[in-house]
Amino acid sequence: MLVPLAKLSCLAYQCFHALKIKKNYLPLCATRWSSTSTVPRITTHYTIYPRDKDKRWEGVNMERFAEEADVVIVGAGPAGLSAAVRLKQLAVAHEKDIRVCLVEKAAQIGAHTLSGACLDPGAFKELFPDWKEKGAPLNTPVTEDRFGILTEKYRIPVPILPGLPMNNHGNYIVRLGHLVSWMGEQAEALGVEVYPGYAAAEVLFHDDGSVKGIATNDVGIQKDGAPKATFERGLELHAKVTIFAEGCHGHLAKQLYKKFDLRANCEPQTYGIGLKELWVIDEKNWKPGRVDHTVGWPLDRHTYGGSFLYHLNEGEPLVALGLVVGLDYQNPYLSPFREFQRWKHHPSIRPTLEGGKRIAYGARALNEGGFQSIPKLTFPGGLLIGCSPGFMNVPKIKGTHTAMKSGILAAESIFNQLTSENLQSKTIGLHVTEYEDNLKNSWVWKELYSVRNIRPSCHGVLGVYGGMIYTGIFYWILRGMEPWTLKHKGSDFERLKPAKDCTPIEYPKPDGQISFDLLSSVALSGTNHEHDQPAHLTLRDDSIPVNRNLSIYDGPEQRFCPAGVYEFVPVEQGDGFRLQINAQNCVHCKTCDIKDPSQNINWVVPEGGGGPAYNGM
């Protein structure tokens, strides 16, 4: 049972809150702690403490304004924008008037988009056959493709044989945020109503249980949960069909999975966290069009992951680099951020960065479950597209092309059903089952099926290297046609071992030239939130972080978060520690919601426009 917020009069605590971005965490060494003090209230969000029982909300006008549309799309990423563009293309071609509204939680289109990104352009060219004439930002065709295995000191080159997923011939290195921004312009030119800075916070339902639309979040709420004088209720958007294109681990999709039991016939999703930086490097080290991928060091063979280093041709010697770490890792002492910083010091990586300048940083979770983890995609009144259900081709390290194609197929399926209905009617919750059928008959389904066994093959005794052997034998020869389907090992949060069973990892200190601390890194993400609002990182039980996560796992949230949101600080009275949530640091990666071993953290949307401000990430 939660208790009232303890009085926090400590001067150090006030200093912490005076900073906009906080330090990563206070080191707890290998000791697990428990607290003798009363558990302070951490969570004040109305999703945990309903406002109808709070006297401070008595007399507040809770009426919401409602708008009607034919289609509402949640999320302006590659999938959502592809659906929006294709719907309006079809409407123009068939001389139909369809109202399409798209809401995006970022302040600008593309500001929350982060990917490698090496783009397979097939679906993009299908959507925009005249992309060159329209000036789409595909500036860097791949000219060189390399793959290697890293040991601590050496790089072992591995040939990329024709037909293997890693082959990038014909692809483009892109800054996906810029591409998404360009797609947003095309959508608006076609008549799509695009609303950046509006965060979809709630799914609305008809009396019959079908999806009615969404509501954006309320704004003007104090940190303690009380209404401000500037309080405004969110907006309701009703539609015949609502498309959920939130990206990986969307918070509304989580609700829909439970409401409609969409995961009844699939395996749990498994995830990775991708950390990325942009650097301007010395021109003599610049190889425009080069794509370089590695596996191995600094991760052990039982920790799935790999790195990328892409040389962009953007008018300056720019490289995009990053590390992906599978979130099914077992050691609670592992820090994906610090593994990334350590990786940059490898003898095959460091020379590229020496003399350069880091200009951007960010992180985002990504789906790795593949074919086995795809849920049911349609339900009365709505459907899922893109990285929300998870169409990433993991060995190919690409999901943008499949996300775009899913958006195109969704739009075509919806248009067919909309135009067979009376567009002037307020049809209740159209169930567009044709979309799932069309997807299963497309190249997306065939592609994901062919690589379905590669990611789970890494769970054997040989780990990642066993997966490489499996890929070389079965994928290269049989092209994924083996008569069996391997399974994943369960949910990622279940894989974490107790701290007593693991060895703490000693990471080298950052040198400030190649590797950096978390504080300076988060600053480069541009992340910003209104400070005086309830933390959007909500806890179902405020006592669990200390009494379970810290006690058993030595507080893994302070290490798996790539933005320093979670830290354990000394209590003001008594012995031990308490969890402090620095919500303004959050880059919306969703890792905490995925990896928390107690599944106590629930990520909800903050006020619209908050979060990272990525520029072409």
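Numbers here mean position along the shown chain, with the first residue as 1.
The backbone N, Cα and C atoms fix where each Cβ goes, glycine too.
Note that the coordinates shown come from a computational prediction; the quantities given were computed from them, not determined experimentally.
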Site from Ser210, Ser442, Ser457, Ser551 that Swiss-Prot describes as phosphoserine, others unannotated there: Ser551
Which listed span Swiss-Prot calls intramembrane segment, if the choices are 21-42, 109-130, 373-394, 571-592: 109-130
From 348-367, 408-427, 428-447, the residue range that Swiss-Prot assigns the feature intramembrane segment: 428-447
Where Cys589 ([4Fe-4S] cluster binding site) sits in the secondary structure, as DSSP reduces it to three classes: coil
Local backbone state of Ser551 (phosphoserine), from DSSP in three classes: helix
Cys592 ([4Fe-4S] cluster binding site) to Ser551 (phosphoserine) - Cα separation in whole Å: 18
Site with most surrounding Cβ atoms, counting all protein chains shown within 10 Å, from the binding-site residues Cys561, Cys586, Cys589, Cys592: Cys561
Cα-Cα distance linking Gly305 (ubiquinone binding site) and Cys561 ([4Fe-4S] cluster binding site), given in Å to the nearest integer: 17
Lowest local Cβ density among Gly305, Gly306, which the record lists as binding-site residues, within 10 Å: Gly306
Three-state secondary structure, which DSSP defines for Cys561 ([4Fe-4S] cluster binding site): coil
